[in-house]
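Residues or ranges marked as [4Fe-4S] cluster binding site in TrEMBL: Cys10, Cys11, Cys86, Cys89. What TrEMBL records for Cys165-Cys167 is disulfide bond.
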Amino acid sequence: MSTRLLLHICCGPCSITTLQTLQDQGHDVTGLFYNPNIHPLTEYVKRRDGCLQVAERFGINVIVKDDEYRPQEWFRAVAHRENNRCFHCYAGRLERTAQIARRGNFDFFTSTLLYSKHQKHDDIAALGRDLATSKTRFLYHDFREGWSEGIETSKEWGIYRQQYCGCLYSENERHQRELRRS
Ligand code: SF4
């Protein structure tokens, strides 16, 4: 019998090989798009739509939390701890994922954040384990093994590929060089 799994999805490209792996493992996957860390709103919409395009290909439903897209709250959560902001950013998203998974009686929850080679993988895994309960467990898998294939497939399928992690800080860091040049 397949198990019900709630997958937190950060964007389309990160979900491709992650979904393939989870479906190959026999999980009945529902997606969750909850990412108040993506700025600005136009960027959020591009990533959300990319997520939905991939979900359609895999035939899964996605819970989209547009009504909880409140960057103000995200900025408050990382204020004065910007140097450690990623930890708090992961925590907020994983806490909400675990909460929705518990309320929905899912057997497991996990996140596409475990796919990215740019994220702090061990912190994400530790947070997920801390949030697990005996009924709603955290599924750990090193989805980074599908990194290259995910990139290639996202290009082939024409899925929107972002140029920075998500928050304004990461966008700023990415373009710092241009600022110095000018
Ligand atoms: S860099 Fe990425 S993970 Fe870190 S706080 Fe910004 S959006 Fe979140």
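Quick reminder: no glycine exception, Cβ is built from N, Cα and C everywhere.
Here the features listed in TrEMBL are painted onto the structure.
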{"residue": "Cys10", "record": "[4Fe-4S] cluster binding site", "DSSP class": "coil"}
{"residue": "Cys86", "record": "[4Fe-4S] cluster binding site", "DSSP class": "helix"}
{"residue": "Cys165", "record": "disulfide bond", "DSSP class": "coil"}
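Taking a Cβ cut-off of under 6 Å from any atom of ligand 1, the recorded positions Cys11, Cys86, Cys89, Cys165, Cys167 reduce to Cys86, Cys89, Cys165, Cys167.
Counting only same-chain residues at least 6 apart in sequence, those with a Cβ under 8 Å from the Cβ of Cys167 (disulfide bond) are Asn37, Ile38, His39, Trp74, Val78, Arg85, Cys89.
Here Cys11 ([4Fe-4S] cluster binding site) is positioned 10 angstrom away from Cys165 (disulfide bond), judged by their C-alpha atoms. Report note: the [4Fe-4S] cluster site is defined by Cys10, Cys11, Cys86, Cys89, and the residues of the same chain whose CB lies within 8 Å of the CB centroid of those residues, excluding them, are Asn35, Asn37, Ile38, Tyr90, Arg93, Leu113, Ser116, Gln119, Cys165, Gly166. By the criterion of other Cβ atoms within 10 Å of the residue's own Cβ, the least surrounded of the recorded positions Cys86, Cys89, Cys165 is Cys165. Around Cys10 ([4Fe-4S] cluster binding site), the C-beta neighbours below 8 angstroms that are at least 6 residues distant in the chain are Asn35, Arg47, Cys51, Arg93, Ser111, Thr112, Leu113, Ser116, Gly166. Non-local contacts of Cys11 ([4Fe-4S] cluster binding site) by the CB criterion (under 8 A, 6+ apart in sequence, same chain) comprise Arg47, Gly50, Cys51, Thr112, Tyr160, Gln162.
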